[in-house]
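According to TrEMBL, the features are:
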COMPBIAS  145-190  compositional bias 'Basic and acidic residues'
COMPBIAS  212-222  compositional bias 'Low complexity'
DOMAIN    1-110  domain 'C2'
DOMAIN    249-370  domain 'C2'
DOMAIN    404-530  domain 'C2'
DOMAIN    563-691  domain 'C2'
REGION    137-190  region 'Disordered'
REGION    212-232  region 'Disordered'
TRANSMEM  821-849  transmembrane segment
TRANSMEM  936-965  transmembrane segment
Amino acid sequence: MAENCSRKLYVEICNAKNLMPKDGQGTASAYVVVDFDGQRRRTQTKSRDLNPQWDEKLEFLVHDVASMPSQVLQIIVYNDKMSGKRSTFLGKVKISGTTFPKTGSETLVYYPLEKRSVFSQIKGEIGLKVWFVDEEPVPPPPPTEGDKKVEAATETKAEEKKPDEAKTVEEEKKTEEVKKEDAGAETKEAIKPEEDKVEEAAAVATTTTKPVPVPVVENPPVAEKPKPEEKTVTEKRVNLNVTDLELRRLGSDRGRTAYDLVDPMPFLFVRVLKAKRGDKDQADTCVYAKLVIGTHSINTRKQTDNKDWDQVFAFDKEGLNSTSLEVSVCVEKKGAEDSLIESSLGTVSFDLLEVPKRVPPDSPLAPQWYTLDGGSLESATDVMLAVWIGTQVDEAFQEAWQSDSGGLVPETRAKVYLSPKLWYLRLTVIQAQDLQLGDIKVKNLDLYVKAQLGPQIFKTSRATVSSSSSSSNPTWNEDLVFVAAEPFEPFLVINVEDLSNGRTVGQAKVQMSSIDRRNDDKSEARSRWFNLVGDETRPYTGRVHVRVCLEGGYHVLDEAAHVTSDVRPTAKQLSKPPIGLLEVGIRGATNLLPVKTADGTRGTTDAYVVAKYGPKWIRTRTILDRFNPQWNEQYTWDVYDPCTVLTIGVFDNGRYKRGGEQGKPGKDVRLGKLRVRLSTLDANRVYTGSYYLTVLLPGGAKKMGEIEIAVKFSCSSWLCLIQAYASPMLPRMHYVRPLGPSQQDILRHTAMRIVTARLSRSEPALGQEVVQFMLDSDTHMWSMRRSKANWFRVAGCLSRAATLARWVDGIRTWVHPPTTILVHVLLVAIVLCPHLVLPTIFMYAFLVITLRFRYRQRVPITMDPRLSHVEAVGLDELDEEFDGFPTTRTPDQVRIRYDRLRALAGRAQTLLGDVAAQGERLEALFNWRDPRATGIFVVVCLLASLVFYVVPFKAFVLGSGFYYLRHPRFRYDMPSVPVNFFRRLPTLSDQIL
């Protein structure tokens, strides 16, 4: 088994930090045991050290490369007691095989030690490096002349022994009995080595468990069973230890995944393989096959020299208008004056009612030879083809010519796209030394560093140096963060610029392949010096000291924060295994509106669907010229976090050009968008429904039709799903070394532009307008409609508090006397039994929320036009929202919008002033700004201290409550004394110009 392995896994145990002392003396003697695929390795013991350093590399064999993603690497840290007693547990780490990187991509990662049970006392972390190496099998050496002579002599002896090999039946039976006895003896002798192996494994684990008893079998039937080696291999292949969810994930989106969320669509499949001609005149001819079904007619490729076609055609059965299929073989040859002459060699017909049906996993239908009718007997032509009725699940469907999507046009085919892998590149500019500034007339120079990665340019602040010295050493110590996408740009360019003279002092280039990678903040990237190069006359102009690294511990945000679909860190080693599977069935659409014209008069729509979740984008095939298209395509995604959002968009294909159309491809027109938050879905339940497609146009909101989808979120472990709600939303680096809000916005928009540019260069291209619409790249732009929608959202949240305030005011004013009396009784109970306040509140919350479970939203809400405030928006506000940046409107329109914005800003300005005034009044009360008011407050505080010293606190609370709930006949219409006193305190508003 080991000899046939082509992959090895290496685990380097580097160190551990802050281990739990377990030896009773404040220390621990730690060692590590690593298990993988039935193999166990152990490190040395580091005596009395809570921060041990091992730096040991362990090697494991990967027996099955295909099943490595389902394997788990387990690292357990023990405390060696050195006295023969059982080792104590210090923590464990489990790493999924899906996170193992290839050699060259390994980095030091610190994993927190996990508990074995709830009552375990564990702390600390362990630093590991994990990677695998693929090794090519060594080819056997060529046989030498001596080996050839030995083989020839062996063959000669075997031929001489052939006449003596005839034996009687009795002699053969005796020989078999002797072999059985020898095999039985060997089996008994082999029991002892197996016991030794068990004892050795127990010693490695340093446990005191009882040894596993080895059963002794008397007279084992060894000869009746296969060899032990073959038996071991067979058992290894059968016991795959793969869950149902992992098996579904291993299958591709279109191959092994069951199409249980969509309806089967019948297609007529015709596979034309080749033709065999009987005529002798085959020179300078092109042969092709022609398929005719009613009004549908399609030709295969034109081939010469008897080449095979091997093409598959898929006809939508619902669109067929005939019950017969005719396949003809035609010949095209050159005639007089280079004219083309076409002739038919014959035709074969099929009755569609008698065509066989095929449903996977049935094997593909074997093609057969058919003799064409209509040709001469002497020159009969045969064609090899296969005809069957299948569905969109058929493996031949994806590469076939499809009648409902324009055939083999790349722009209409279904595709799966992947966003580029994004990294944060951190450039720390420390200082520059020995700058050769030359003859400068200015006394002081303002120097800064400008770094460029592709189109991204960032600058440091200015450092002022004196030009009197021949060389200068400015210092910055600033971080510049870029977004880098794989494959990386070749160089990171660093320029030292002089702002005073507007010239470049020198330039340095850093190769992206030489930049270090780190996954956390514990390991600092190494600093490096780079020589600065000027023009041809100045080969050396100084050097710059920088620290540059690729940050793998962050998640690069490439979409709006409120609709994020992936929060995993960039480094593969830090990613956790998936907690579930998301299945989406794109069923169809109904009542789509025409968005363009065909043939100059008739309206039409060529619709397709794009869905995005995480880095994976899917695009369905384009259904041409239908207002009720049916896709019935199903896709799957791995789910790593339940609090993420699936985005689905419907578009009209503007890049597909029909037969006679010319010119540049147009842009795809958006028809609508849906979003589904996974946390609102019940696990293992299928949600099927139709949803309105609403698109916002300059003329207002418009319903473009309905889309029918089916969504299912399958959860593999409820425990992992619950733990996900307690884990941070973003990776650890976002909290340990956070990025500023403005910096995050800049990096987010940069990442959006990179993803848009990469996907638009795919084949077929996913248009820039499509990617921007899916990513909501314009959410940062000003919109009066969005501002109103957000204001009403805030008002909706505050309305609950307003309702509660009105309820309290109704009790206070005795609107319903029985309720007010009950509140008095409740107040007395709270004052007399304060320890029951919190239990009562939480029990009330439990009962109310539990009763509301019956009225929960059972259908996931996708897009809400009322909440988006699209029904009461003006045309001028919409025109402002669709206006680009900078504006392209006339000065009069811009002036009107500016005046309107000034009016809104004036209201906000007044509101901010009122809020600031309340805080200034409170501050003035303690700063003696109004001496009389502060003196009155001081006297009241002195009297209150004496009163509270004499009066019990419960009596004060009870009296205050009764006073607040007193009957209206004992109330006054004027404001209370404390309110009047607070409003008379001074503010700083009178000091503002």
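Note that Cβ sites are derived from N, Cα and C of the backbone, with glycine treated the same way.
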For the transmembrane segment (936-965), distant same-chain residues with Cβ under 8 A (at least six beyond the ends):
811-812, 820, 823-824, 827-828, 831-832, 925, 981
Structural state census, the domain 'C2' (563-691) (DSSP three-state)
7 helix, 62 strand, 60 coil
Counting by DSSP secondary structure, give me helix, strand and coil numbers for the domain 'C2' (1-110).
6 helix, 52 strand, 52 coil
How many of the residues that make up the domain 'C2' (249-370) does DSSP mark as helix, as strand and as coil?
11 helix, 57 strand, 54 coil
